[in-house]
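Written below as structure tokens is the structure these notes are about.
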């Protein structure tokens, strides 16, 4: 009977079904979003200008030809989104919300189908964080959440929530690599202390594993080999700390979640932290020879490179300068119709209410209207004769 | 299963699938934007991809008639526009004007978990879309034959035996196993959350109280699961717990299916605990090491303690399940959650392969709850029950104490 594997289960997740891509498809999706947003910006600015001209005077109705708007490129959009992801992480740290990883992924997912030119990340950020506190069982009341944010009202947080959930395509589950790393860490410690169990097809005994680990090449080109099991334990702890840091930063800021599975991500973080140790761990899982192993190692290699290429969670001056330039540019190419999110939200709710109302309520309103109309007609009171007649 | 923590699936086929999917997404967007180019309508040009996808989903379904309405949701019968003979239930979650914190927790939980869990014994969520007024609409599987509670209660009209109980319990067991395998706790298992499909298949519904397994040291609330189905550890205020809470509920449902009345039906939480002591035995440090450390544990006089009931007591009450069935029932109702069976152990139990064989789902007794019943079942929010049985309602989640 075919057995359900962890892979089968992962493939049923929305993270796999809706949020996994390859590099090409990811880029093409972002380009489409960028183009369509730029189109929207141009159309909106054009309309705005036309309206202004019409209002100001009809004298120079030929007007000046519409100025071409300089819109953000896909790359610029990306840099801006990553910057606000970093901001989100900082803010979440400050408030001690352990849900920042989810909030950051919400932003990254949202900006696959939305452009910063339409919705500024600064305005989506609080909403993403707040939604993450709700989806990750860290619910704090909106009131106390807002009190921690500078210059933000409750409305500012809630108004974009609907847009956000729509952009997330109503999927809230994010599968993170953190738990996998903890499991691998515990396994490695067990192997190092001679309590390990080998993979299903690997015949090595616990003591053989323990010996192999002492003999491993030093991490990242160092020259000091471990001499004892105790030193191996220290080495594992160091690697664990480094890998954990990578998962908290690079894994979130790069496209790792879109391109790789959580297990691939944590294994790759271990590769970055201590490659010989990571290779040993993978070896312990496979029978020799295995056809799957080389494929896996190639995947882990490319993922590790991606993690190494991550934008820093602590941007340098030159990067900050570049971000300022982009933000300035964005100021001129924002879609004027989508700036007032609170207003849009209110309008949508109103609009919807009109067509989504129950018949009962509609009827009630009609009666009220009729009554008030009558009252309005009778604004000077009923006809004198009637009054006298009473 | 789940032997290796390494995802070693052939990366090539992985990539292919994702590429195909991405392509279809890209193709879809293109075709839409092409359509948009034709009429230069301002509004459509400014519509972002997500908005268009939502619109597309919404356009796929047609709402037919209202099946039921509660404070939390309105349920409609609907169908696919492309296939008028198809049937779906559309649950429109009302925007709660009292709740100013945006999307409510019940709605978030329900959507979050149903999006992830695809299993024949869990109600299928076909799609989610929002209507203009920002209401969430859940397109759910159409389940017209009522729920297990209806069948249990109709002891005059519906006759069933061990083979039927085995079939229903098997379906429930698979649903719970699948939740736990995906690290999800349901936290509200009870007969009226077990809906019945047209072909007799039982489907676990109502994920309004569900949550993911907690991280180590992260507290959870104990105010979950409808009282009659709530395990002793929650009644004692445990803040760390596992899938064992759902297993206890399964045990009480198993017992109820045989008895045809709720097995342990307390009027208050204290009463519930008293009844558990009588029916199963008094929890003590001997049969449940560590129980006295739970916040809400109440010590018992030595003389007042009821020893843990032996198999003979169960055989006398649940004999129709047979001795092997009674073993299974007892393993689900172990006081100490660590000694309780896991969902997986339940599926591996001998009972399933012991005579009689479970009834084929097509041959299971049906009552035909009809459309209204489905409307009633779906309009509830997590933990909510029908009028008149309000005392059974799981108390409202108190998030303030969850920190």
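Even glycines carry a Cβ here, placed using N, Cα and C.
Annotated in TrEMBL:
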{"type": "ACT_SITE", "residues": "B:188", "note": "active site, proton acceptor"}
{"type": "BINDING", "residues": "B:67, B:68, B:69, B:70, B:71, B:72, B:73, B:74, B:75, B:91, B:92", "note": "ATP binding site"}
{"type": "DOMAIN", "residues": "B:61-352", "note": "domain 'Protein kinase'"}
{"type": "REGION", "residues": "B:355-391", "note": "region 'Disordered'"}
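Between the two most distant C-alpha atoms of the annotated ATP binders (B:67, B:68, B:69, B:70, B:71, B:72, B:73, B:74, B:75, B:91, B:92) there are 14 Å. DSSP assigns residue B:71 (ATP binding site) to coil in the three-state reduction, outside any helix or strand. Annotation: B:75 carries the greatest number of neighbouring Cβ atoms among the binding-site residues B:69, B:71, B:75, B:92 [cut-off 10 Å, Cβ to Cβ]. Listed in chain order, the extra residues whose Cβ falls within 8 Å of the Cβ center of the ATP site residues B:67, B:68, B:69, B:70, B:71, B:72, B:73, B:74, B:75, B:91, B:92 are B:94, B:375, B:378, B:379. Regional average pLDDT for the domain 'Protein kinase' (B:61-352) in the model is 93.
A distance of 21 Å separates the Cα atom of residue B:92 (ATP binding site) from that of residue B:188 (active site, proton acceptor). Secondary structure from DSSP puts the residue listed as 'active site, proton acceptor' in coil.
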